[in-house]
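Q: What Swiss-Prot records for Gly2 is N-myristoyl glycine, and it gives similarity to another entry as the kind of evidence. Taken from Swiss-Prot, the feature domain 'EF-hand 1' applies to 24-59, supported by a curator's inference. Positions annotated as domain 'EF-hand 2' by Swiss-Prot, on the basis of sequence analysis: 60-95. The Ca(2+) 1 binding site annotation in Swiss-Prot covers Asp73, Asn75, Asp77, Thr79, Glu84, and the record cites sequence analysis as its basis. Annotated domain 'EF-hand 3' per Swiss-Prot: 96-131, in sequence order, evidence recorded as sequence analysis. Annotation source Swiss-Prot lists Ca(2+) 2 binding site at Asp109, Asp111, Asp113, Arg115, Glu120, citing sequence analysis. Sequence annotations record features per position, and here Swiss-Prot assigns domain 'EF-hand 4' to 146-181 based on sequence analysis. Summarising the annotation, Swiss-Prot assigns Ca(2+) 3 binding site to Asp159, Asp161, Asp163, Gln165, Glu170.
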Amino acid sequence: MGKNNSKLAPEVLEDLVQNTEFSEQELKQWYKGFLKDCPSGILNLEEFQQLYIKFFPYGDASKFAQHAFRTFDKNGDGTIDFREFICALSVTSRGSFEQKLNWAFEMYDLDGDGRITRLEMLEIIEAIYKMVGTVIMMRMNQDGLTPQQRVDKIFKKMDQDKDDQITLEEFKEAAKSDPSIVLLLQCDMQK
């Protein structure tokens with residue numbers, strides 16, 4: 001992006017103020033930082049993975065970053081622009097519990113069919129285990145569950161109709177009624 005795009009267009013800024021939890025000033029700061037890190041104005045998967053690697057240096061964050069990238073990339077074009085980035089950041093950092101659950105569901109629903117299968121859940125849980133690294137996982141995972149055991153425990157609590165799939169409704173209902181499920185989904189057993 002050249003000098004023409006170094007500032008957010010007023011209509012884009014207004015749209016983001018209306019559709020995120022950030023103020024106009026915060027959006028301008030985030031945009032400035034985004035352009036500093038991504039002069040082209042877009043992030044590709046490899047660049048996104050490098051950001052995750054910086055935050056999780058003790059494990060392998062590449063697989064989890066791939067899933068987060070897919071969830072951030074709303075239009076499916078293989079890149080994340082500022083709008084996609086800031087909207088996802090708004091939900092994950094300042095969104096309501098309901099918004100965060102919807103976002104998490106999207107991440108776990110790998111094929112986007114509106115249902116989470118055991119294999120989809122296992123894929124994400126394994127990616128979380130790899131991302132945080134063995135030493136940290138041992139401290140966090142005080143119950144000693146393997147990824148498969150964690151998936152089984154989550155499905156036992158969430159899959160109300162026992163069809164081996166979790167719908168968005170089941171996901172939200174279980175998370176609201178039992179906060180420990182959210183901890184299981186995050187693989188964070190510290191209370």
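Cβ coordinates come from backbone N, Cα and C, glycine included.
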Q: Per DSSP, to which secondary structure element type does Arg115 (Ca(2+) 2 binding site) belong, with helix, strand and coil as the options?
A: strand
Q: Around the C-beta of Asp159 (Ca(2+) 3 binding site), how many further C-beta atoms are within 10 angstroms, looking at every protein chain?
A: 18
Q: Taking the recorded Ca(2+) 2 site as Asp109, Asp111, Asp113, Arg115, Glu120, identify the other residues of that chain whose CB atom sits within 8 Å of the mean position of the site's CB atoms, giving them in sequence order.
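A: Nearby residues not in the site list: Tyr108, Leu110, Gly112, Gly114, Ile116, Thr117, Gln165.
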Q: Quick one: of the binding-site residues Thr79, Glu84, Asp161, Asp163, Gln165, which has its CA closest to the CA of Asp109 (Ca(2+) 2 binding site)?
A: Gln165
Q: Write out, in the order they occur in the sequence, the residues of the chain not among Asp159, Asp161, Asp163, Gln165, Glu170 that have a C-beta within 8 Å of the mean position of the C-beta atoms of the recorded Ca(2+) 3 site.
A: Arg115, Met158, Gln160, Lys162, Asp164, Ile166, Thr167
Q: From the DSSP assignment alone, can you count helix, strand and coil residues within the domain 'EF-hand 1' (24-59)?
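A: Taking the domain 'EF-hand 1' (24-59) as a whole: 25 helix, 3 strand, 8 coil.
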Q: Rank aside, I only need the closest one: which of the binding-site residues Thr79, Arg115, Glu120 has its C-alpha nearest to that of Asp161 (Ca(2+) 3 binding site)?
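A: Spatially nearest to Asp161 (Ca(2+) 3 binding site) by Cα position is Arg115.
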Q: Reduced to three states, what secondary structure does DSSP give Glu170 (Ca(2+) 3 binding site)?
A: helix
Q: Looking only at the domain 'EF-hand 4' (146-181), how are its residues distributed among DSSP helix, strand and coil?
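A: For the domain 'EF-hand 4' (146-181), the helix, strand and coil counts are 25 helix, 3 strand, 8 coil.
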Q: Counting distance between Cα atoms, which of the binding-site residues Thr79, Glu84, Asp113, Arg115 is nearest Asp163 (Ca(2+) 3 binding site)?
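A: The smallest Cα gap between Asp163 (Ca(2+) 3 binding site) and any of the binding-site residues is with Arg115.
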Q: Select the closest residue to Gln165 (Ca(2+) 3 binding site) from the following binding-site residues, measuring between CA atoms: Glu84, Asp113, Arg115.
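A: So, of the listed binding-site residues, the one sitting closest to Gln165 (Ca(2+) 3 binding site) is Arg115.
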